[in-house]
Amino acid sequence: MILSDSFHEEEENEAPVKAKRTKPDAGEEEEVVYHPVKLSRNDLYRPPTAEELNQLKEAESLFHCSLLKMQMGELLKEVALSERRKQQIDSFIQTVTKLLQTVPDSPEVEVSDLSWLSGTVKVPFLLLPKITKGKFHMAPPASIDLIGSYPLGTCTKPHVMVDLAVTIPADVLHPKDVVNQRYPRKRALYLAGLAQYLTSSSDIGTMRYSCLHGNRLRPVLLLTPPDKNSSSFTVRVHACPPPGFFKPSRFHPQRNNIRTEWYTGLQTSYSESSEPPTPHYNSSVLGDLLPRTHLQFLSAISSQCSAFADGVALLKVWLRQRELNQGTGCFNGFLASMLMAYLLTTHRISNTMTAYQLLRNSLNFLASTDLTVNGISLARDADSTAPTLAEFHSAFQVVFVDPSGHLNMCADMTACTYMQLQHEASVSMQFWDNPTVDGFHSLLMTPKPMIRTSDHVFQLCELVKLQSSCKKLNLLSELMDHSGNYVHTALPFILSLLQRGLDQRIQLLTHSLSPDPEWSVESEAPKYKAQPPLSFGLLFRPELAASVLERGPPADSPKAAEFRQLWGLRSELRRFQDGAITEAVLWDGESMCQKRLVPKQIITHLLQLHADIPESCVRYVGAMVDDVIKSETKDTGEEKSLAVVQSYDDLSRKLWRLEGLPLSITAVQGAHPALRYTQVFPPKPLKMDYSFFDKEKTCRSLVPKEGKPCPAYITPITVICHMEGSGKWPHDRLAIRHIRAAFHIQLGELLRKHHKYTCRPCPTHLDVWKDGLAFRIQVAYHREPQVLRESVNPEGLLVVRDNEEAQALEMATIHKPLLTSTLHGLQQQHPCFGAVCRLAKRWLGAQLFTPLLRFNHVFPFVEGVFPTDFSADYTEIKNGFMASRESLPVMFIATPKDKKLSMWTRRAPNVQMLQRVMMVAAESLKVLEQQLMDGNQIQDVKVVMRPPLEVYDAVIHLNPKQVPLLSQAVDPPSVTFSRGVMTGSAAQSGGSLPVIDYNPVSLYLAELREAFGDLALFFCDPYGGTVIAVLWKPKAFSPVPFKTSQVSARSVKVTGDEANTVPNVEAILEDFQIMGKGLVKSVEARTEKWSF
């Protein structure tokens, strides 16, 4: 969710701005009316004050532009609580406080006896084991205090949470309650007693239970006001022991407070000193002792730094957009405040810094400091019983010690979560330092869920299976430490196992943070298995991720046994070409499509072998979208693209070696998407079935027999062949074309003579049949575009004027080959580039955005090249863009060779098309992410490829038999047609030339646009689409005066003395059918959509 949207929704009634002052109702305060401030001329032109000069200097020195400073200021205004909201919160807190102070006493009973509770209110705790020692009774709280972010001034929207600490009376507790969950159970019972009392009050809205950061040992009571403000904030009630009631030394991470005999119910030989330590349980109880102390510490720090609250607010927004601020083991707002306090107390940042500087320095510290190795502490004068950092590191993965010196505030955080935090901070710093990127929107306004930041994602669905994982991994002591929470017990060990197995293949392994559960006070606490599936994100190293071989240590190495233990029976001895005999694991994978899923094989194998998690419980979300670019052979086309490139390289070498041409060849360049790996369905070598065709008499080319289905579409792969400049070239455009045609004939003869290729020369190109592929060679002369621009006026003067013909020729012979070579190089650097482009083009085609397909490959190209090639020219490009914005296309894309004009987007898209694409893309992204991450619904990612046809005025249905690319459709029909192609490998040379570049659908579409382009827009999926959607142009249906030259497809209407013409829709629909005879099956007119 984007922040600004939610903030505006919440603030609808916040600012009472009215045009006129209204009489207030009885009992209500008079509403404030805001008026624009009127300044005198002297005020308008007075010199800036010292403070304003400082702000200007600060904006110049700290920010890339003054806009960033204003954006920061506006963001802080949006996340801050309004005065009206604060008044509502204070009023509700007073009401709750008065109610809690009147909680009645109850008789003392055993902790296990719940008879004093009414049947409706339940205890927010999983009572396992059921019995524990101790007495309990209800009594009014000893004190009620505000804690957390609200009194500190760092509370932010949109989810406003106000923390209220309710102190349990000392006579309810016992100093030995730290043992065997007695204190956590009494704490839960006390919250249940408060809930039971508050249910009878009409001053309380809804009441629910939750857990503090997902920790089941620390349940809390959530209260909302009863009126219309019930969703605007929530009060979170914490039950806490009296300050100093328990000795902090009892919670040393190496001490035990859960006895094995009590937990298991079995007799054990453990003495108290030999019991396993329970550091996580200890930190959970200790955390309840210190919230008031922490608030005092942070308040003292905040009072010294004026920008402290704003800096924390920005850091909380940054964390929220990355989903790191909530759930078990999160880096919450409290830790953000403590981190900033640490940087201030250690003088890494100054008290005079701005909020932006505090945010930057905090991110820089996170990016450069590894708390999994070198923990930090806020304790200055800790007592002698406080643990050392080394002792904390032995018990916890991430260490950040509070001011008391006894509590590790990151006790529940896994190393993987902190590594994710470090990675995000590092990436953010790169964005801040890059003047060519809008860092504000990228870092603070753009959500980054796991599905967008990971290459592959997988989920563990049946979490109850983790019970058997704990048993297999022998995690009894860890299970006791986590009070039976087998999910959080097994998670660190599963992460460690996956980290070992994936090793160098990944640069980052992340996992979802279990959300804080919420449930009604009348319901039992949810089981551990009730939480959503655990999600894991993988960020790969592209060069290693798809390797099918896992090479281990030599057979005689001491590490060989460890390697065999990790991989089990998959490990085997292998001899390699260098003579080495080592342990190795070979994974399945022939095509690139299969190799991309090698990590899935590794993960399922390791989880089954070491954690007893069957493959059926692993839901792997990787390469799921690839289905839409898979061909009949069930591969994603990388091998076909490579085969096309190799065949082209061979043809290029042979063209260079040709002898007998009057002019030498200076360059051979590819200009087809297949040669830059961005063709959605790369051409595949075809072996023609001659029985399907007749042979044309003169040149013996293959012609389809009448009555047969349309033959397979053969893509001509464009190759530009530049000839050397010479005085022999004429300066007349027609003569140049004749010379080029002669070169096509001679090239064809030489290729046929020396290499036995089947060739067919044409005036504009030469078709060559090679390796079952059709190459279309176009001879180019570098001065021809200039000749096309030259003309002689009536006075006999030479005039140079740009025109569309010259631009088109320049695009075809210069810019497209250059783009192809550049993108080919980019594909070598980033192997996923081509597949991403192809998926984007497939989506555009499926959603019927046909006009955009000719330039969409530029998007990733610009993203990849811009940071390296344009950083020096960015200011020049931006200034030129701003100065010429009105004359530039709607979408502006700068490339290294085109920094000012955006030639790729000159003709399309228009404003309406671009807005439509943006809207459909946003909805498609939402649906796709839900499809990929929600395991409860039927997985069908193709749903984002199916366009809504309801918005169109007419739909032309095509005969599938005559659609040559039918197999490429999003939902191909089960019935297939013979297209004149045989299975088997194609011959390298020779054979009759088939029909090239024949697609009835595209030809029919071109005819429709030529005939009716002024009346309607036509949309079609170029990849196997069987419908053409028609959208009338509203302006075209306005009556126009009768003219004999403009009666095509129009009917005459006479009113009085005026004769007007309007489009004859019925005749037009009939023309659609007639023009597409044999291809068009039916025309569906959706008259209910017509508004003219």
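Cβ atoms are placed via backbone N, Cα and C, with glycine included.
Note that this is a predicted model, so its numbers are computed, not measured.
According to TrEMBL, the domain 'Nrap protein' annotation covers 162-303 (among others). Residues of the domain 'Nrap protein' (162-303) grouped by DSSP class, helix first, strand second and coil last, total 65 helix, 28 strand, 49 coil.
Sequence annotations record features per position, and here TrEMBL assigns domain 'Nrap protein' to 307-446 (among others).
Positions annotated as domain 'Nrap protein' by TrEMBL: 452-611 (among others). The average pLDDT the prediction assigns to the domain 'Nrap protein' (452-611) is 93.
The domain 'Nrap protein' feature in TrEMBL is assigned to 629-828 (among others).
According to TrEMBL, the feature domain 'Nrap protein' maps to 872-947 (among others).
Per TrEMBL, domain 'Nrap protein' is recorded for 949-1083 (among others).
Per TrEMBL, region 'Disordered' is recorded for 1-31.
Sequence-distant residue pairs (6 or more apart) of the domain 'Nrap protein' (629-828) and the domain 'Nrap protein' (949-1083) include at least 3 whose Cβ atoms are under 8 Å, placing the two stretches in contact. Note: the domain 'Nrap protein' (307-446) comprises 73 helix, 5 strand, 62 coil (DSSP; helix = H, G, I, strand = E, B).
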